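Participant: Handing you this structure, nothing more for now.
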Amino acid sequence: MKLRRGVLRAALALVLLPLLTPAGAVEPISLGLAIAGAAASALTGFISYPRLYCYFRECCLHRHDQRAAAALQENLDKKLFGQHLVSKVVVKAVRGFLNNTNAKKPLALSLHGWTGTGKNFVSKIVAESIYKRGLQSKYVHQFVATLHFPHAHSINLYKDQLQLWIRGNVSICPRSIFIFDEMDKMHAGLIDSIKPFLDYYELLDGVSYRQAIFIFLSNAGAEKITEVALDFWRNGRTREEIQLTDIQNALSVSVFNNRNSGFWHSTLIDRNLIDYFIPFLPLEYKHVKMCVRVEIESRGYTVDEDIVSRIADEMTYFPREERIYSDKGCKTVDAKLDYYYDF
């Protein structure tokens, strides 16, 4: 009985600790946070009743892998439009990785395509399928190149901070998720600092990174993806006939040789450490209408097909002659709905 009371006091202390500590503004990447994370990990190890701890606080690896894969499939089927390759590859890659009890390296996915085609949306769904709080989970870490790594002259500092941040968080939770947005705006060479964490090492300084997930988002390569999609369309073939093999190699080469990409001549590509380059096809008129319908329903309104068509018609499309693809995908749908409804 005394032991259980002691465990309960320890669990409550962990819950109350953040409330008793003064809050302060901190950098998203800092040595202090990495050290604090390692200390929290060590303290958690003393708790002998994980269910009790998880009752109060979010836990690493708390959702069963089979449920995570099922949730991912369901959400992509219901909410992602016009991206048959994305749905197929992401589900298979994530499900296979989660079910692999002896992974040789972390999972690394690189998502490419124009703005508004669903890259951020898919990364959000992946995070939510594994952790209930999704992007708000303390085990999911999102970096935006222009926000977190803005200055070219500080690249060496960013490299050190990024390594400390990843090492500290994987020490806390092996199934940490790291999302790097705006890779096309990241300073060349910076992302290579995480190369050791994505490689085939069993341990690095006593830490295994083999259960972690890395997701990269980029507009780089969108031209190549559009080129392939247009070739299929002009030859009378449907977009659903496009296979990953039709794009992936050309996409990786295009990104590797793009001087305006954070992957320019990156060792992550050169050493084949990116598991999948996933193309997001440009969205057509019909897909924009699907996005509008879902957004209207999510706000609790009855779908008005006249409004759906008017919003889709207001979008601009390319190429100039054919006008097939929305140049902003579904990105501005939410703002346009505000104009038509008095929410």
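Please read every residue number as a count from 1 along the shown chain.
Cβ from N, Cα, C; glycine included.
In case it's useful when we look at the structure, here is the feature table from TrEMBL:
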SIGNAL    1-25  signal peptide
BINDING   Gly113, Trp114, Thr115, Gly116, Thr117, Gly118, Lys119, Asn120  ATP binding site
DOMAIN    283-340  domain 'Torsin-1A C-terminal'
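Each of these features: where is it, how hidden is it, and who are its neighbours?
Facilitator: Long-range C-beta contacts of Asn120 (ATP binding site), restricted to its own chain and to partners at least six residues apart, with a cutoff below 8 Å, comprise Asp181, Leu217.
As a whole-number mean, the pLDDT of the domain 'Torsin-1A C-terminal' (283-340) in this prediction is 93.
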Participant: Taking the Cβ of Gly118 (ATP binding site) as the reference point, list residues of the same chain whose Cβ is under 8 angstroms away and which are at least six residues distant in sequence.
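Facilitator: Spatial neighbours, sequence-distant, of Gly118 (ATP binding site): Leu80, Phe81, Gln83, Val86, Phe280, Gly329, Cys330.
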Participant: Who sits close to Trp114 (ATP binding site): which same-chain residues at least 6 apart have their Cβ under 8 Å from its Cβ?
Facilitator: Asn219, Ala222, Ile225, Thr226, Phe280, Pro282, Tyr325, Asp327, Gly329
Participant: Would you mind splitting the domain 'Torsin-1A C-terminal' (283-340) into helix, strand and coil residue counts from DSSP?
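Facilitator: Looking at the domain 'Torsin-1A C-terminal' (283-340) with DSSP, the answer is 32 helix, 5 strand, 21 coil.
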Participant: Using the recorded ATP site (Gly113, Trp114, Thr115, Gly116, Thr117, Gly118, Lys119, Asn120) as reference, state which further residues of the same chain have their Cβ within 8 Å of the centre of those residues' Cβ atoms, listed in sequence order.
Facilitator: Phe121, Asn219, Phe280, Gly329, Lys331
Participant: Here are some binding-site residues: Thr115, Thr117. Which one has the most Cβ atoms within 10 Å of its Cβ?
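Facilitator: Neighbour-count leader: Thr117.
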